[in-house]
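Asks: Swiss-Prot lists Asp95, Gly206, Thr214, Glu216 with the feature Ca(2+) 1 binding site. If you look up Swiss-Prot, you'll see Gln177, Asp228, Val229, Asp231, Asp301 marked as Ca(2+) 2 binding site. If you look up Swiss-Prot, you'll see Cys82-Cys135, Cys165-Cys249, Cys191-Cys244, Cys196-Cys207 marked as disulfide bond, on the strength of sequence analysis. What Swiss-Prot records for Asn238, Asn318 is N-linked glycosylation site. Sequence annotations record features per position, and here Swiss-Prot assigns signal peptide to 1-50 based on sequence analysis.
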Amino acid sequence: MYGIEYTTILIFLTSITLLNYILKSITRMMDYIIYRFLLIVVILATIINAQNYGVNLPITGSMDTAYADSTQSEPFLTSTLCLYYPVEASNEIADTEWKDTLSQLFLTKGWPTGSVYLKEYADIAAFSVEPQLYCDYNLVLMKYDSTQELDMSELADLILNEWLCNPMDITLYYYQQTDEANKWISTGSSCTVKVCPLNTQTLGIGCLITNPDTFETVATMEKLVITDVVDGVNHKLNVTTATCTIRNCKKLGPRENVAVIQVGGANVLDITADPTTTPQTERMMRINWKKWWQVFYTVVDYVNQIIQTMSKRSRSLNSSAFYYRV
């Protein structure tokens, strides 16, 4: 009887010792694997340069400021550049080979053939309906026109900032704007926007909610409308929904992979919506030339300096996606 008990105890102690040895062996093996893995990660991290999409650069820039005309020593081998220009530029140049010529000129500044895309738009109004900015860097050329100054300012505000937008059902709901960053953005072939502010009893202030003719008109037959109303007040809206889509949008911050180059005009357009803030010229630049070839030559000369005022992003702007960052 005692022999059986001693044997049981001996087996138990032996099992514990063996288990302890196995656990220590596994621990040493795991430590070896983990330390080796970390060593490999550290070595690779020093070799590989990863793209950081979260860098916020201090953005200033105006072609009114004197920049040194020089070529970057490091070519942008892994980036794409989109240059948007009005159709009047190609009409004036009237040369079927002009894009090839321009591509070769960009090559002298370090931009390989195939990395620069030249995209044409009809006019400011048409470009406002569905701006699509898909390249790593996007330069938009806008010819100054005193009759379209406000349209240019709205378009610049749209494409130079990131917006988070949601659809609005204006037939069922009232809407209010919560702060200065909250705007209603309407786009379409023809947008007429009317608003009626409401009091706490949901009665119209200076208007009848049942009669859109009494509403205040904030836009008439435009292609892009950024509507700003009194914050914290409910509004009944009337929009030409057959030809226009309105969205409730929140400005998230600057879209740093886009720059606007204004061609002509006495001063760079100010896109500041809030009158209490300092005027903004972030990534808004101006050059003055009568001929479009001179404009393109200047863009090529200064393209690398302009890119330095921007930040490469993986996001794109697409109106069909409610301008949301994708």
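Just so it is clear, glycine is given a Cβ too, placed from its N, Cα and C backbone atoms.
Context for these features, please: burial, neighbours, distances.
Replies: Classification of Asp95 (Ca(2+) 1 binding site) by DSSP places it in coil, neither helical nor stranded. Taking all protein chains in view, 11 other C-beta atoms sit within 10 angstroms of the C-beta of Asp95 (Ca(2+) 1 binding site).
Mapped onto three states, the DSSP output places Asp228 (Ca(2+) 2 binding site) in coil. The Cβ of Asp228 (Ca(2+) 2 binding site) has 13 other Cβ atoms within 10 Å, all protein chains considered.
DSSP assigns Cys135 (disulfide bond) to coil in the three-state reduction, placing it in neither a helix nor a strand.
Cβ neighbour count for Cys165 (disulfide bond) (all protein chains, 10 Å cutoff from its Cβ): 19.
Cys191 (disulfide bond) falls within a strand when secondary structure is assigned with DSSP. There are 25 other Cβ atoms within 10 Å of the Cβ belonging to Cys191 (disulfide bond).
In the three-state DSSP scheme, Cys196 (disulfide bond) is classed as strand.
Counting every protein chain shown, the number of other Cβ atoms lying within 10 Å of the Cβ of Asn238 (N-linked glycosylation site) is 18.
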Asks: Taking DSSP as the reference, which of helix, strand or coil describes Thr214 (Ca(2+) 1 binding site)?
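Replies: Going by the DSSP assignment, Thr214 (Ca(2+) 1 binding site) falls within a helical segment, counted as helix.
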Asks: Can you tell me which of the recorded positions Cys135, Cys191, Cys196, Glu216 is spatially closest to Asp301 (Ca(2+) 2 binding site)? Compare CA atoms only.
Replies: Cys135
Asks: Does anything in the same chain, at least 6 positions from Cys207 (disulfide bond), have a Cβ under 8 Å from its Cβ, and if so what?
Replies: Cys196, Pro197, Thr214, Phe215, Glu216
Asks: Calculate the distance in Å between the alpha carbons (Cα) of Cys165 (disulfide bond) and Cys82 (disulfide bond), and round it to a whole number.
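Replies: Rounded to the nearest whole number, the Cα-Cα distance is 24 Å.
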Asks: Any idea what DSSP makes of Cys207 (disulfide bond), helix, strand or coil?
Replies: coil
